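Asks: Provided herewith is a single structure, encoded as structure tokens, for subsequent inquiry.
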Amino acid sequence: AATTSLVVGSLVWVEDPDDAWIDGEVVEVKGEDIKVLCTSGKTVVVKASNVYPKDAEAPPCGVDDMTKLAYLHEPGTYTGNILIAVNPFRRLPHLYDSHMMAQYKGAAFGELSPHPFAVADVAYRLMMNEGISQSILVSGESGAGKTESTKLLMRYLAYMGGRAAAEGRTVEQQVLESNPVLEAFGNAKTVRNNNSSRFGKFVEIQFDRSGRISGAAIRTYLLERSRVCQVSDPERNYHCFYMLCAAPP
């Protein structure tokens, strides 16, 4: 399909031994051989199968959000609504306070910088507008920040679906406060992470028709049970055991 769409004037990416990828313009098409005038000034002849279309709209300095790109290939990666988060290994409270939540509330996706709150906001709006359940998948290797990202997503959903405090604790408070209990019974110190989740969880937050949180459930709980009977040095068992030992008489 890529070869048929290549015509003189097409913008393309060409593999280069020094720069990995160079963009250029097709100046001649002879069957499988494509002549490309690169922005670096040199002209190359390459096989059509080694040429990738370039998004003419994308700015030369790149984009801060990869969903703005139009093609799925290595030189111009296209993805769906995926947020790539990096663990800074320190707290950055100003990035996740109530002022920041207010900014992302109702903002069009991509209008502001990529943020967990933007992902949560899209899911919440789709749920309200379409009336269909939404899922957010949080994945990554150990220590990448899955647990913290999940807490941020839940905090935003609690912010959107919260209600005025009536009798005692609100439902959304109870949902957020369940985290430390879960971590006590499901998290342990590993070589790479002092607070590593040793279980898989599917957190389901339920909303009523008006968009308020009505309840929550943890549907699956895949615990690493081998940790209970044997722990390799210098790792630890589940936090709960140490909390019980450290508790007052």
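Backbone N, Cα and C atoms are what each Cβ position is placed from, and that goes for glycine too.
Small disclaimer: the values here were computed from a predicted structure and weren't measured.
The feature ATP binding site is assigned by TrEMBL to G140, E141, S142, G143, A144, G145, K146, T147. Sequence annotations record features per position, and here TrEMBL assigns domain 'Myosin N-terminal SH3-like' to 7-56. Sequence annotations record features per position, and here TrEMBL assigns domain 'Myosin motor' to 77-249.
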Asks: Going along the chain, which residues six or more apart from G145 (ATP binding site) have their CB under 8 A from its CB?
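Replies: Listed in sequence order: A85, V86, N87.
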Asks: Just jot down the residues in the same chain as A144 (ATP binding site), at least 6 apart in sequence, with C-beta under 8 A of its C-beta; none if empty.
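Replies: Same-chain residues close to A144 (ATP binding site) (Cβ under 8 Å, separated by 6 or more) are A85, N87.
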Asks: With a 10 Å radius around each C-beta, find which of these binding-site residues (G140, G143) has the fewest other C-beta atoms nearby.
Replies: G140
Asks: Kindly report the helix/strand/coil residue split of the domain 'Myosin N-terminal SH3-like' (7-56) according to DSSP, in that order.
Replies: 3 helix, 31 strand, 16 coil
Asks: Among the binding-site residues listed here (S142, T147), identify the one with the smallest other-Cβ count within 10 Å.
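Replies: Fewest other Cβ atoms within 10 Å, among the binding-site residues S142, T147, is found for S142.
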Asks: For the binding-site residues E141, K146, which one has its C-beta crowded by the most other C-beta atoms within 10 angstroms?
Replies: K146
Asks: Report the residues of the chain - excluding G140, E141, S142, G143, A144, G145, K146, T147 - with C-beta within 8 Å of the mean position of the site's C-beta atoms, for the recorded ATP site, in sequence order.
Replies: N87, N193
